[in-house]
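According to TrEMBL:
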DOMAIN    66-302  domain 'Orn/DAP/Arg decarboxylase 2 N-terminal'
DOMAIN    910-1034  domain 'Integral membrane bound transporter'
TRANSMEM  382-404  transmembrane segment
TRANSMEM  441-466  transmembrane segment
TRANSMEM  481-499  transmembrane segment
TRANSMEM  511-529  transmembrane segment
TRANSMEM  535-554  transmembrane segment
TRANSMEM  938-956  transmembrane segment
TRANSMEM  962-980  transmembrane segment
Amino acid sequence: MHSNLPTPPPSHSTSPAPSDRQKCVYECLPNLYHGSTESQLAKNVKIFNSQPDFAEEHPFFVADLSSVYKQHIRWKTELPRIEPFFAVKCNPDPYVIRLLAGLGLGFDCASQTEINTILSLPTNCPATENPSNNIIFANPCKAASMIKFARGNQVKMMTFDNTDELHKIARLYPDAQLIIRILTDDSKSVCRFGIKFGAPLDAVPHLLKTAKDLCLNVIGVSFHVGSGCYDPQSYVDAIERSKKTFEVGESLGFKFNLLDVGGGFGHDNFELLARSLGPAVDAHFPVETGVRVIAEPGRFYVHDAFTLATNIIAKRGSDDDINQDLDDQSPKVMFYQNDGVYARDAVDDWSSVKRPALKDDDKTEKDDWISIDTKRNIIKCAIAYTIATLFTFNPTLNSFISALEFKQKSQLWKVAVNTHTIASVTVWFNPARSRGSMLQAIAFAAVSLVFVTCVSSLVTLILTLIDFNPDDTNWKADLDGFIVAFIFIGVVSSIAAFSRLKMANQTFNSAATMSCIVFYSVVLRNGGIARLVQYLAMAIIGIIITSSVCLLIWPKSSTSALRKDLSSSLNSFDKDSFDRAVKDHDEAFVTLQAELPNALRERWLRDKRVNNSQIRQTYKHTVEAIERLAQHLTGLRSCLNMRDDMILKDDSFKKPFQMSVDIASKPMYELTETIVHVLRESSLVFERDSDPTLLTETRRSMLIASERLQRAIRKFDISSGIVLESSQPDARIDAKSFQEPSLITQFYLFNLRELASELYHLILLVDEISEHDLKHVFNSSSRNSNILDEDYQNNAEDDLFDESSSYFSSKPRRPPLLRRRMKKTLSKLIPIDPSEYKVNDQARRWRASKIIEEEHQFTVYERFSQILWEVLTFFERKDVKFAIRTGGALAILSMPSYISYLRPLALNLKLEWALISCFASLSPTVGQTNFMSIQRILGTIVGAAVAVVAFAGLGHSLFGAIGFPILGFFFSLPCFYIVVGSTRYSSSGRFVLQSYNLVALYAFNLRDQDIHSFTIAVKRSTAVTCGITFSMIVSRLWWPQEARKELRRGLGDLILDLGYLYNRHTLAQSVPPLPTTLSPVSVDSFDAASDVERASETTHLLSPQRTLMGEQREEQLSKEFMSM
């Protein structure tokens, strides 16, 4: 294709005589080196010579005409059949016009002035030699004087789209060659022309019939999809409409021979548009039909050709007196330049200078130390807690709770002394959650309460059947209590502890603790259906209060939080430092993983953003893709650290590294800049989800970014291949100085290429989300709105993801083409998926049959021994040991409640408080138990002390009934700040507030018994201290697990597994290649082969060939290792 193009203008140096075509190019261009015939150039040179400071006072453009020529090369390469007619209105600069005229372009003129500009070119240019064939008057609504001017200068081709224009042309220029301009879908463009120009398809027959009646010559069809079109499908649709117009014209007797595809071609996405436009033209208008195809590009040719040079002429700083009265939103520093919006710098897109991100130690005192979301969460928790305390201080609400237990009319208004439980439920079950998280919390709470109800009912039934009497001092009664304690309290506590450890979810931990509060309060008080109903009602009331506050006051959407976290996670990559980028991503990704399941759960709340399974899967794959991006980023950081370490140890390594940088610096820089740009554009999708117009514009920007990314990857692949070839050690020099740098360079290039490839798939995922938003949230039309349609994805995939052409690939074939469904695509990108791969059942059974005898050969004793061995192995698990330890400890701690001579003391000290504290404090490791235990003891003492002081000032009076809720609201604010804002010390905040409840609220309910608040505080502190101290003793003496030992053991297992993997891979590579297929039998037969059969002294360590068996075997071993 390039051979048919004219060569660029030569420099001032001598050169052979040019051809006729080249001669035209030379004569059309002014001689920039030996003097110009252009009066404008001469005038400017004279001004610059006479006024040295002219450039400092006046702005000017710097033009790069080679950029215009390069754009012409791009056009002829991608669209060789379509003749470009440059839109003069885009840039009528004489140098640009002369260059394009010399290159043989036609011209699209919209006014008399533009036509006159083209006709003033030298007479030997194609546009001036034959204006009727190389100039199109593309203005459907022309003045009469313009038509006369076109007739006088033989400009015959002109467009129309209405009957008035036809009658005007028939009167003034009946010999004109007319082109009907049809209306197309220009909704996918920046500047839409459909509102001004273009005839709808249903009006085409009438217009052509009118032209026929007026004896006018209509030679073709034109359209314009709008300026800055970003959807290739718009051109395909317009071509189809043009084909229909051709058919209508043919039916009326016209013989159309011209198709004008208009403009709208962008610089960044030109290849993308061309790959859709070219095949569409060839499909509907084959070359054999003789149809001439032209286009009207404008901005495409001069996109990068001109640069405006201005000067900063003044500055107004923040120390000026005029700025002292401005608010915080006003600019503090303003710069003035020697150009403005009424001159060359006319813009309609305003933007401010982006402030650099502050480091942690650069933050000013004005920065809030509590975010607005944290403030709202704290206030919501305090409101829910205050509402719950009203069941203690409001007689009407309190009587409702007492009515659940007392059935006699004389006792209906008796004070319910345990209403502080409702406030305790709001402490553990707080409303500082999103809507999705609250749904999960409600589900966990419902399951826990159902389980507790069943167990408590069973305990009550058994105690009734055995006729248990707590006042009986007989040893048989103590034995019955001993059995109840160990069977029910121990087993239930073990189940709760095991579930809490396996779930590893803070929401579930709160639900488990809340259910244990109900269970211990009922069982240690000898059960009873009425007491169970009362505690269940209080738990349900607390849940209703919390849920109502969560969903009604400042409700938070998990989906919105997920989208915000996605944007933050993508922005975290936009850092100058690798270390800071990884750190910021880790912080954002923690919340991202936590919000994902909550967001997907909001489909039950009819959130349209997650209302179908397809979009929910897309969100999951997006999070996974971001995680893989971070892994590649970490790999890049490791490469740089290894490079720096090697250079510090030996300066000789600088040379090979510098060679690689010199070769791949420009493509690598371009790829890096493109990756950063794509990440920014992708993050904007989640920031602009409230406006469909902005979202559509963002999707257009993503399309352009994706095209840039593909070009950058292709360039990078070429340069990286050269780097790898040059980094191979030469036998004549020391190979050691090149081998290690070569490996590090290869690893770095591999990670960067994988990062770019993964980012491309992330673009598709993000576009899936934005397309869903436009369709289902904004109810916008999204016909073919996916930025990369199926055909283009397939075409792009041939080049972009051809692993056979990639420098790091060792496979002879590339994977299947990219599909719209991301799940299949991502699963092919990462063939080793530890969460899904399972060792082949047939292979597992075959291997087991080689080691153990068949089951039918076992004796009864051997089967029993095997079952016993499996059971004992199960109880050796760490989580099972923790559950047994927790259940046994709580069963032992509850024994005083079932021993006759200790029961009064247990009831007096409220032993259920000790059990709840012990259950909440026990952790799998000794260090974690000790750390949490000290927190909770201190929190209990602080809460009890505050409650005693408050009770001393308020008392049981009416003033206390009013003052305690107010005091509780303000006292709960710092406590909930610890609970919500500090994950590490959240248990301390809960225990402070819990202790305050059990002293202040409980003492207020006991006003009829005249028990001092200090006495209750001492009992509360004693019970909690006993329970926590007992948990520390149990954790230290009963199956102690130290985190340091577990860490050492885990690292040892990891190193052992890595050695196993290396050993297996070495064996797989060291075998002579066998042309057989892989099967479980063949694999294990190979493993069982003798050392002589495997290898000899002459066998290569790494096989020179890689057979199908070797590849499949290595992949099989890798998957087995990853599934461990």
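Placed from the backbone N, Cα and C atoms, the Cβ positions cover glycine too.
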Problem set entry | Residue numbers, six or more beyond the limits of the transmembrane segment (535-554), whose CB comes under 8 Å of its CB atoms | 376, 380, 383-384, 387-388, 391, 401, 404, 418-419, 421-426, 429-433, 435, 438, 442, 445, 449, 453, 514-515, 517-518, 521-522
Exercise. How do the residues of the domain 'Integral membrane bound transporter' (910-1034) split into helix, strand and coil according to DSSP?
Worked result: 106 helix, 0 strand, 19 coil
For this session: Grab the same-chain neighbours of the transmembrane segment (441-466) for me: Cβ-Cβ under 8 Å, and only residues 6 or more beyond its ends, written as numbers and ranges.
Result: 429, 433, 480, 484, 488, 492, 505, 507-508, 510-512, 514-516, 518-519, 522-523, 526-529, 532, 536, 539-540, 543, 547
Problem set entry | Confidence summary (mean pLDDT) of the domain 'Orn/DAP/Arg decarboxylase 2 N-terminal' (66-302) | 87
